[in-house]
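Record features (TrEMBL):
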- Asp77: active site, for OMPdecase activity (ACT_SITE)
- Lys79: active site, for OMPdecase activity (ACT_SITE)
- Lys79: active site, proton donor (ACT_SITE)
- Asp82: active site, for OMPdecase activity (ACT_SITE)
- Asp21, Lys51, 77-86, Thr139, Arg200, Gln209, 229-230: substrate binding site (BINDING)
- 15-245: domain 'Orotidine 5'-phosphate decarboxylase' (DOMAIN)
Amino acid sequence: MPAGPAHSARTRPTRLIVSLDTKDRAQAIAWRDAAVNASKRPEIMRPPMVKLGLEFTYAQGLEAVSEVAGDLPLFLDLKLHDIPNTVASAIGSLARVRPAMLTIHASGGRAMIAAARRAVDDAFPEGARPLLLAVTVLTSLDAEALHETGVESSVADQVVRLGRLAVSAGADGLVCSPHEIGLLRAALGEEPVLVVPGIRPAGSAAGDQKRIMTPAQAHAAGADYIVVGRPITRAPDPAAAAAAIMAELLA
Ligand SMILES: O=c1ccn([C@@H]2O[C@H](COP(=O)(O)O)[C@@H](O)[C@H]2O)c(=O)[nH]1
């Protein structure tokens, strides 16, 4: 899955995860198929992953999550954040969906992250264990919004603090903005998988995202995966938008 230790930031492969944020099953399938079709173009030939999160799962349930993911690797982005026992039990309930990745919030603390890791190890058969990813600081937060929550450090310091905590407690990887990739690599090395939302192709609207970069910039910074939703799903031609982003990752 992630790049091996020999990759520098520039040569590390970066895969696209398409975020299917909708309440509608048919719409999610249509966007999934658009991304799959884009990935079959001869210059790309690299299948995407799909991400399903709170909006789709609350609207349609876990069976629909499995149906939409089909044979594609699934990033189940439910950002669990609760007491350790509850998070661990919830992970047990997610095993039947067979995700390739799932998320918790690093700010849930060491005991919660460690409980999540034990639950992942226990609930999934050998060889089918998903990567446990910890969300550091949401990409929709800037310094001012972070400080309003009572955190006095800079966004960068808080991302690195939570990243260290999460990895030392058992997370396989982190969700961060592209701006923190270099800092996290310097602090934690090449091993943690870095999954990076806050991606906006040149000229596309930032919307509620605050810490953004283009796909090519995130790739050059060393992202293992980029997560892209609206720039694909709200594009007039989602397949063309997905193909253009995949092409940026090949450079
Ligand atoms: O810090 C985070 C963590 C998760 N996300 C999720 O990624 C996608 C991004 O969608 P866009 O439409 O490309 O903004 C979305 O599902 C978020 O829940 C994030 O953006 N930032």
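Using the three backbone atoms N, Cα and C, a Cβ is placed for every residue, glycine included.
Everything TrEMBL records as a feature, shown here on the structure.
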| residue | record | CB count, 10 Å |
| --- | --- | --- |
| Asp21 | substrate binding site | 19 |
| Asp77 | active site, for OMPdecase activity | 24 |
| Leu78 | substrate binding site | 18 |
| Lys79 | active site, for OMPdecase activity | 16 |
| His81 | substrate binding site | 16 |
| Asp82 | active site, for OMPdecase activity | 14 |
| Pro84 | substrate binding site | 18 |
| Thr139 | substrate binding site | 24 |
| Gly229 | substrate binding site | 20 |
Euclidean distance between Cα atoms of Gly229 (substrate binding site) and Asp77 (active site, for OMPdecase activity), Å: 13
C-alpha spacing of Lys79 (active site, for OMPdecase activity) relative to Thr139 (substrate binding site), in angstrom: 13
Sequence-ordered recorded positions from Asp21, Lys79, His81, Asp82, Pro84, Gly229 with Cβ under 6 Å of an atom of ligand 1: Asp21, Gly229
DSSP three-state assignment (helix, strand or coil) for Pro84 (substrate binding site): helix
Spatial separation of Lys79 (active site, for OMPdecase activity) from Asp21 (substrate binding site) - C-alpha basis, Å: 14
